Amino acid sequence: MLFLGCIKEVSDYELVVGLPNGLSGFVPVTQISDAYSKMLSKQVAQGELLEDLNSLSDMYSPGTLVRCIVTSVEKSADGRRSIKLSINPKKVNKGLNASALASGMLLSGFVSSMEDHGYLIDIGVSGSHAFLPHQKAQNYIKAVKRGPDLKIGQNLNCVIVEVKNEGRVVRLSIDRSEVAASLATEKQNWTLSNLLPGLVVKARVQKVAPLGIKVSFLSSYTGIVDFMHMDPEKSMNYSPNQVMKACILSVHPTSKVVRLTLRQSFLHPGGSPHQLSNGRMGAVVEESTVKAFYKQFGAIFELDDGTLAFARLKHLSKTRKSFKPGAFKAGCKHKCRIIDYSLMDEMCILSLKYQVIEARILQYQDIHTGDVVQGKVFSLKPIGMQVKVTDGIRGLVPSMHLADVILKRPEKKYSIGDQVRCRVLECNPGGKKLILTLKRSLVQSKLPVLSNYEDAKPGLITHGFVVCAKEFGCIVKFYNDVKGLVPKNELSSEPISCPDKVFHEGQVVKVMVLKCEPQQERLLLSFRLSSKSASEEKKECTPQQKHEVKYQIGEMVDVKVLKKKHNGLEVSILEDKGNVIGWIPTAHLSDFIVNCKLLWHCLQEGDVLPRVMCLSDKGEHITLSRKSAVISAVQEEQVVKSFSEIQPGMVLTGYVRNVMPFGVFVEFPFGVTGLAPKMSMSDKFVTDTKDHFVVGQTVIAKVMSIDEEKQRVLLNLKVSECSSGDSAAESFALLDRYFKEMKEIRNLLRRTGEPSMARGLCELVPGKELQLVVQDVKEDGSALFSGNCVTGLIATATRYHLGDKNIVPGEKTKALVLHVDALTSRVYVSLREELLKQRPKQVCVQRTPSTLPSCST
């Protein structure tokens, strides 16, 4: 399909072209002309820049009209359609042949070479050589002011001045006055097979309808002028048989439907449509008046400055169900926002959706370096992850910036559609370039954003990330590609002989500016944030000083275990080189109380725990948590930061602070506390509150009521009240987390205690079938067992789990593992036949002494 389009944007590799009816298409750099493509190929083959090869921005500018042809319509991953175009004259003018060329014709041509007396022009007609003399080009060159000569690959509106040898030789003119006065006539032998967009014709009105006008032109052809392309000042005054100028907008190749425009800007070839005034894009119009409503398309509005605008049907209301046609009668007023501008329709495109009107980000210009933005994961690629910020804005998170550490398998952490919170590293609206980071240390940083060298004043402390660690020091990068050097002597108060062994690429660091030369873009930095000497720093590094660094609630850090105490772990925070001490209570090692003591037992001094969250930073006491449910609630902002934010009906994640006879006190992140009375603790009847909850237990609570005067919150802990509705999904998610944590515990067990015992504990999982020997039968009916699979462990079964069997010491029997208590080294088993029959066959096989016992399925 052939279109007349208008260039909206120019980049190094493509042209963005506005099409009629608010559409847009893309012209790749390889679809300009054959001569330009040949030069591109030559440059690639030689591997160096060619002097006579001009960039697209040197030859094209926004507002220029071009003839184009649709080469393909592609569907993107998010369902949006992308129109690929070509302006190559061999494709646009393919309906023409040499014998059809006639004097006065207006064609698209491209400069293919420069000669002594003029230019050879590629008009895409096989067997025809077109020449443009210098004198017919001077007027255009002076007006355009793009240099002393035309450039190879430059698009031109050409009028045929003379045709010789049956079209084999053609002389052209691009004189602006001749082009502007050109008019397509019957004498030029135009047919429906070679008719081109951009031609100006004399049209006669045949029929006037609410959605447009039917016209005839060039004697025998008919076309349509839709409601968006009638002259706004004359739209109500058209009448049958009226004759006027019209410009062809599009030609359909199969149906031969021709669409035209009556707008004044297009009635003189070589002209340019009206642009949107600066500052109007994204503007909110408090009152826009409905001029006309078209039930299949949308509505025309008059804005506060008198200009007309169009809103598509889908942008008139939030959903189709909420749409009310009665609200769009002529004269009705609505609040709207300008979301786009159609150059080919010379109209603003509006949206009446409140979420669009209130949106903080509408275009790239609304995003600034250092901003924190929300987005959805759009795609995962080897170079990084694409994030969709809005419908028309996408950013790239480079692989280095997917997390605080380099991820080898990012697909395990992120899935398509996941909501992510990023920080803008770089934003170039002109090139539609948006670079983001997901490094939590940068996203959550409260320090100043360093985005230009002028702001790098000596003494400034900020966050950056290491891009290079060499023997001379580290190169640290900030925002907008600002970077600086940390020399070797400024890496630490202690000498570091091999920086590349201590620092790694992508590591987030806190630095202080020592010196900056903005004009030379030189920046000298230091990791030593104090002006004191190394000996003074070492001397004053007391516990009181260690806790002066403040951490925000929800901030994620990596820690190293310093000391195990009876009620928790004392840890050092690695982000501050171990100078800051934190505390993880035993109950905060896991969401699962049964695993908390196990983890405390297995962890050793020197172990590193990644991704631990700061729960509170009161004075010298920094409390940390590994509860994944609490961490997720904070990261997804499903929390309340103060009493004033609490509303009845909210479902919040917290942990038990105290268990009393009359109820349970629950604490949430940021310190808000509520009470779940005894009657609201469980779906079952509660006799003793201590039988249902323990201190530190992770819970999901629903807010029942609040007392603002007494600052009290009443909660409900009943599972039936707090479930989101999909209880099966919630249960499986919890089980999945539990089993992943048990896998972590088994790995820790393998390195602690007696090797064979630890190995046995790790391999004994619930549901496993064992071959055991009865060791003893006790008076209460329970039994003890021995066997190769339980060496060093206590295997026991209660009277109920012996079933109907009358066992005696020394007897061999099959048993099923019910539960393994790693702390007491006890294995609870069952001999009941109904359990043994229902499980998949998994038998413990005894191998040779040199190998380990294993499980085969």
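Quick reminder: no glycine exception, Cβ is built from N, Cα and C everywhere.
Because TrEMBL annotations are produced automatically, they should be read as predictions rather than curated entries.
Feature list (source: TrEMBL):
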DOMAIN    1-88  domain 'S1 motif'
DOMAIN    104-175  domain 'S1 motif'
DOMAIN    198-263  domain 'S1 motif'
DOMAIN    282-353  domain 'S1 motif'
DOMAIN    370-439  domain 'S1 motif'
DOMAIN    459-528  domain 'S1 motif'
DOMAIN    554-627  domain 'S1 motif'
DOMAIN    649-718  domain 'S1 motif'
Two-stretch contact, the domain 'S1 motif' (370-439) and the domain 'S1 motif' (459-528), at least three Cβ pairs under 8 Å: yes
Leading contact stretch, 1-88, 282-353, 459-528, 554-627 vs the domain 'S1 motif' (198-263) - CB distance under 8 Å: 1-88
Helix, strand and coil residues within the domain 'S1 motif' (459-528) as assigned by DSSP: 7 helix, 35 strand, 28 coil
Secondary structure content, the domain 'S1 motif' (370-439) (per DSSP, counts of residues): 6 helix, 38 strand, 26 coil
DSSP residue counts for the domain 'S1 motif' (282-353), split into helix, strand and coil: 7 helix, 36 strand, 29 coil
Helix-strand-coil residue split for the domain 'S1 motif' (1-88), DSSP-based: 23 helix, 36 strand, 29 coil
